[in-house]
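Visitor: Dropping a structure here in structure tokens format, bear with me for questions.
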Amino acid sequence: MTSDALTIGRYTFTSRLFVGTGKYKDLDETRRALEASGAEVVTVALRRVNLKERGEGSMMSLLQQGRVTILPNTAGCYTVEDAVRTCRLARELGLSDLVKLEVIGDERTLFPDNEATLEAARILVKEGFTVLPYCMDDPIVCRKLEDIGCAAVMPLAAPIGSGLGIRNPYNLMIIRETAKVPVIVDAGVGTASDAAVAMELGCDGVLMNTAIAGARDPILMAQAMKDAVRAGRMAYLAGRMPKKLYATASSPEQGKIAAL
């Protein structure tokens with residue numbers, strides 16, 4: 001498994017678990033959860049974190065000490081203009097060109113606005129950003145985002161923060177089958193089995209926040225998610241046995257003891 005690296009644009013990672021930084025009770029819990037997860041990519045909502053504050057005790061200081069790749073995101077943006085402006089600000093403040101693009105279309109469900117996401121992605125790719133767009137689990141939208149030049153696609157498994165798990169595994173399978181860029185499941189994971197299923201379907205990674213931060217023991221859940229993502233990836237590479245309607249004996253007929 002050491003050679004099974006994940007490459008997104010010019011970036012390469014050994015961990016396929018991406019995590020967020022919101023909803024923890026304090027910075028110490030955030031730090032311990034991040035360490036337990038083994039994640040190398042940590043996403044930060046630019047609207048909720050002061051990027052200029054980098055002194056001791058700040059979120060940015062914590063992330064820099066952890067030597068992780070910071071993935072700024074545009075959570076809370078409802079227009080193309082806001083999302084693009086937020087990404088430009090992140091780059092101006094010294095963060096990398098790697099961005100998680102979110103353009104929300106509905107306040108209640110937090111579903112993405114597909115048209116706005118495509119438009120914003122087109123602008124950002126032209127400006128040299130490595131764009132990872134949050135999108136619906138729609139194979140057509142994912143294909144269009146890939147055609148624009150996005151370095152990965154991030155279809156949701158279920159609404160953000162819902163914990164409902166993988167609601168449409170078949171769409172994710174189609175996306176994975178047709179996409180030539182990494183597919184990172186983003187949103188909806190509730191527990192370790194959800195993460196394992198996403199990876200078993202062939203997805204290249206999983207991004208989560210509430211599933212860890214909202215657990216009764218976030219540190220233990222972070223460890224569980226780390227193991228689940230790795231186990232799911234290994235199972236996908238190993239190839240599961242075919243499903244059958246009827247039983248198949250695991251012991252051969254030869255050598256069966258005859259009746260006395």
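Positions of Cβ are set from backbone N, Cα and C atoms, glycine also.
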Visitor: In Swiss-Prot, Ala187, Gly188, Asn209, Thr210 are given as binding 1-deoxy-D-xylulose 5-phosphate, so which of Gly161, Gly232, Gly239 is in that site too?
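Guide: Swiss-Prot names Gly161 for this 1-deoxy-D-xylulose 5-phosphate site.
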Visitor: Reduce the DSSP letter at Ala187 (1-deoxy-D-xylulose 5-phosphate binding site) to three states and note it down.
Guide: coil
Visitor: Where's the emptiest Cβ shell within 10 Å among the binding-site residues Gly161, Gly188?
Guide: Gly161
Visitor: How far is it from Thr210 (1-deoxy-D-xylulose 5-phosphate binding site) to Lys100 (active site, schiff-base intermediate with DXP), counting Cα to Cα, in Å?
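Guide: Between the alpha carbons of Thr210 (1-deoxy-D-xylulose 5-phosphate binding site) and Lys100 (active site, schiff-base intermediate with DXP) there are 17 Å.
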